Amino acid sequence: MKLTCVLIVAVLVLTACQFTAAIDSRGGQENPAPRSTGLMRRKSQTERNCIPKNHFCGLLHHSRNCCTPTCLIVCF
């Protein structure tokens, strides 16, 4: 019986804490993550280090180093 009362009180306290936290956060985030604001964008092809079109990249494989997705001795 005592254990049941302790568990009920603990659940009520935790529920009250959740409601208090939810009410305090209604004003919005003070410091939102950069990814949610769009500040973290993928670098464009000119900003990243890549092999330009018509330059040697290797033999018969998909090269991540090419600015274009196709590599057959040279980047296409």
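Quick reminder: no glycine exception, Cβ is built from N, Cα and C everywhere.
Residues or ranges marked as signal peptide in Swiss-Prot (evidence: sequence analysis): 1-22.
Here Swiss-Prot flags 25-44 as region 'Disordered'.
If you look up Swiss-Prot, you'll see C50-C67 (among others) marked as disulfide bond. The Cβ neighbour count for C67 (disulfide bond), using a 10 Å radius over every protein chain in view, is 17.
For the recorded site, C71 (disulfide bond), the DSSP three-state label reads strand. The disulfide bond annotation in Swiss-Prot covers C57-C71 (among others) and is backed by similarity to another entry.
Positions annotated as disulfide bond by Swiss-Prot, on the basis of similarity to another entry: C66-C75 (among others).
Highest local Cβ density among the disulfide-bonded residues C50, C57 belongs to C57, counted as other Cβ atoms within 10 Å over all protein chains shown. Listed in sequence order, C50, I51, K53, C57, C75, F76 are the same-chain residues at least 6 apart in sequence whose CB falls under 8 Å from the CB of C66 (disulfide bond). A strand conformation is recorded for C66 (disulfide bond) in the three-state DSSP classification. Around C75 (disulfide bond), a 10 Å sphere centred on its CB holds 21 further CB atoms from the protein chains shown.
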